[in-house]
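J.: One structure, as structure tokens, below. Some questions next.
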Amino acid sequence: MGQSQSGGHGPGGGKKDDKDKKKKYEPPVPTRVGKKKKKTKGPDAASKLPLVTPHTQCRLKLLKLERIKDYLLMEEEFIRNQEQMKPLEEKQEEERSKVDDLRGTPMSVGTLEEIIDDNHAIVSTSVGSEHYVSILSFVDKDLLEPGCSVLLNHKVHAVIGVLMDDTDPLVTVMKVEKAPQETYADIGGLDNQIQEIKESVELPLTHPEYYEEMGIKPPKGVILYGPPGTGKTLLAKAVANQTSATFLRVVGSELIQKYLGDGPKLVRELFRVAEEHAPSIVFIDEIDAIGTKRYDSNSGGEREIQRTMLELLNQLDGFDSRGDVKVIMATNRIETLDPALIRPGRIDRKIEFPLPDEKTKKRIFQIHTSRMTLADDVTLDDLIMAKDDLSGADIKAICTEAGLMALRERRMKVTNEDFKKSKENVLYKKQEGTPEGLYL
């Protein structure tokens, strides 16, 4: 009995041993497998990518991006299928609109007739029709005034801009930028005509004080008249070469326009540009195209020509002074011009260009043969003393034809026979027949 009490363990002793075992220190579960790697330092650290261990959050992001990629692929496939199903005409229209957006749309030019309010106006186009249109908000309203040129949308004709320089392109072409090569030395004879045009056109522009001291007003314009080929246009070219003033050249037929009112408008633009670039000279060749005598006509074209001439009369001697703007006109038929056009006050000097006399013919022949290689037997006296009505243009044609005949026969010198044959050819073509004595 005593043995069992001293040597045996009771139930209370077993519980005590279990408590001692639980109190023992247990190390935490390591969170990283393997040894801790040392951080690399130095220049090689930037080139190495950091190690990313897979986590739950990264896995979710990857799945989300893959899902978005699938959606984008589905959308791309859907758009591709829709493009294939689209009709051919609709596809071409869309491509055409893209091309138009890239290269821009053209704009038409109109004239502002009247401003209704801040957002609306009445404009007219080149075809003569008027439109009630809107003014877009980005247009500078301070630049809008009746009569100015505006840019219009080609579909709705809305005002989308203002042209600052509203000069007609036809007037810009009329302005002579480069002076002609002809000078007074290239004109044979015509000494009196040269003196008169210098007194009427050049001196008032270069030395206006001479006329102020004399107490007279300089001539406003001159008209050059005479047979064809007598040097009227040549003298005008020499004036453009000698003077430093702006030279505007226009042919009378250019002032005849297709639409109603364009001819008078072109005349106004011509003189407005001349005043802006004063001192200037306006040369109107073949003035008889618009300056013929007025008469009652039922033709709309004839009435438009007469309105153009009336505008020219107003510009020559109207209410406003033209300043340093001189006018030179040229015509072959002065007897057909309207008396109001060539009266004093508008055209103060009428300069006649007759056919050349013997002295003038000799000078013209000398000018045109100065650069030609002539044979020893050439005597121009027979051509000069002839009673044929030769103009300066005819003499130039004779010299040119003689040179061509020598060139045809491979000769470098022009003989007297060449001049005789060339004269016969020129007279034959001029008279449109056979001259007398050709076959005698």
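All positions are counted from 1 along the displayed chain.
Including glycine, each Cβ sits where the backbone N, Cα and C put it.
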J.: According to Swiss-Prot, which residue out of LYS178, LYS198, LYS258 bears the annotation N6-acetyllysine?
T.: LYS258
J.: LYS237, LYS258: which of these recorded positions has the highest Cβ count within 10 Å of its own Cβ?
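T.: Sorting the candidates by Cβ neighbours within 10 Å, the top entry is LYS237.
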J.: Could you give me the DSSP helix, strand and coil counts for the region 'Disordered' (84-104)?
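T.: For the region 'Disordered' (84-104), the helix, strand and coil counts are 18 helix, 0 strand, 3 coil.
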J.: Where does LYS258 (N6-acetyllysine) sit in the DSSP three-state scheme?
T.: coil
